[in-house]
2 protein chains.
Amino acid sequence: MMRVKLTVSYDGTGYCGWQVQPNGVTIQEKLNQALSDLFGREIKTIGASRTDSGVHALGNVAVFDTDSRMPAEKMAFAINERLPRDIVIQKSEEVTADFHPRFAKTNKVYEYRILNRTFPDPLLMRYTYFFHRNLDVPLMDEEAQALVGEHDFTSFASVKSQTNTFVRTIHSISVRRDENDIITIHVEGNGFLYNQVRIIAGSLILAGSGQRERGFIKKALEAKDREAAGPTAPPEGLVLVRIDY
Amino acid sequence: MMRVKLTVSYDGTGYCGWQVQPNGVTIQEKLNQALSDLFGREIKTIGASRTDSGVHALGNVAVFDTDSRMPAEKMAFAINERLPRDIVIQKSEEVTADFHPRFAKTNKVYEYRILNRTFPDPLLMRYTYFFHRNLDVPLMDEEAQALVGEHDFTSFASVKSQTNTFVRTIHSISVRRDENDIITIHVEGNGFLYNQVRIIAGSLILAGSGQRERGFIKKALEAKDREAAGPTAPPEGLVLVRIDY
């Protein structure tokens, strides 16, 4: 038996998120089907990050076990032939049998992208959140620094979160505007709560558009109350960039 | 009567090109409908560039005449409310009554984008042409320089071209690879023949993948024969970036 780790990229626009569910097509379902088809028996993957409906990934991670003799690194090509075009395996590799994508220690990297200008760009609408009011990016970057470190992120988690603890560590966060008016919130941490990055993005947009006072993010964090933070920003701006093990 | 110039951006994926035609939905048709709806009578636009099915634009240009008293620069907002999300007016402005988007002297800027790596990126598939064999970008750039200047571009025009002359001027062309393995062919000229940029791209890909000898582009140009150049590269890589008047 061999455990295989897959690096999975996808355009989440047309899917009801990562995780298999009874109503609606999911990325994991498509992946399980492709693998079962390739190896001729039912295969169920274990995913690292259960991204939400409409959220994208450049490097989500999934594992599965197989007794196939195909070299693990060749599998990406064979799996891709059986996947829809909007899901692409970037890498397949053998890992040890005890490797678990969700329980292993990780650094997860997410980016939330906002197009901040007068009119939308049709070539970016699937992969950025369009926001036309001017955003003060240096202020957003400054506010965001309050989130760095180990904290109770209750204020920045969906009230529907199912978790034993709201304590997570954010290693770094930055907010930058590029020459095409795309603002990127880049955040790295040891794990994220349900909707955490989107609530951080929604809160930073409130701060950056002058709708909250300086210190808003720090206060929201300290309140340990979902009501104290901003709204959950829409899914199209969010990309799971990579997971480092 | 006022003549209004529109700067039009669109994701061409779902459209049968710019120009109104009996079979299939076009960008110009959607724009004419939005304008007719806004001003309460039938309006027909004149477009600058009849982009092909599947080709994108950041700055195509169209004009129309109206006796509306709405300030021209406000029209973009009102038109956008009546357009589908994948067509967006970036600017509306009054021009002189004799301004014609196709017969006026122009500099047109096109970009053709190729994703050149082992596996496709689902977030780029709509806006780049995926090509997995390694491309020699400095060689492509060198080969492309033969196209600069005033030439008879018969070899680089669709045999279906309807034109009095195949002579056009390319002001500049460059081929560059960025850090994400996107190769961009950037070309500026006074006008382009039917499929010209896509045939240039298809020919440069042949040159860059080592399937033709050095000097291929120059020889193809001199042959004045469509058979001497490479294939027409797929539409998804092409973007009409802007038209300078």
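Quick reminder: no glycine exception, Cβ is built from N, Cα and C everywhere.
For the recorded site, A:D52 (active site, nucleophile), the DSSP three-state label reads coil. Under the heading active site, nucleophile, TrEMBL lists A:D52.
Among the features that TrEMBL reports, substrate binding site is placed at A:Y110. DSSP assigns A:Y110 (substrate binding site) to a strand segment in the three-state reduction. Around A:Y110 (substrate binding site), the same-chain residues at least 6 positions away in sequence with a Cβ under 8 Å from its Cβ are A:H186, A:V187, A:E188, A:F192, A:V197, A:L238, A:V239, A:L240, A:V241.
According to TrEMBL, the feature domain 'Pseudouridine synthase I TruA alpha/beta' maps to A:8-103 (among others). Mean pLDDT of the predicted structure over the domain 'Pseudouridine synthase I TruA alpha/beta' (A:8-103): 96.
Annotated domain 'Pseudouridine synthase I TruA alpha/beta' per TrEMBL: A:144-245 (among others), in sequence order.
Per DSSP, the domain 'Pseudouridine synthase I TruA alpha/beta' (A:144-245) is made up of 34 helix, 30 strand, 38 coil. Neighbour count (other Cβ atoms within 10 Å of the Cβ, all protein chains): 19 for A:D52 (active site, nucleophile).
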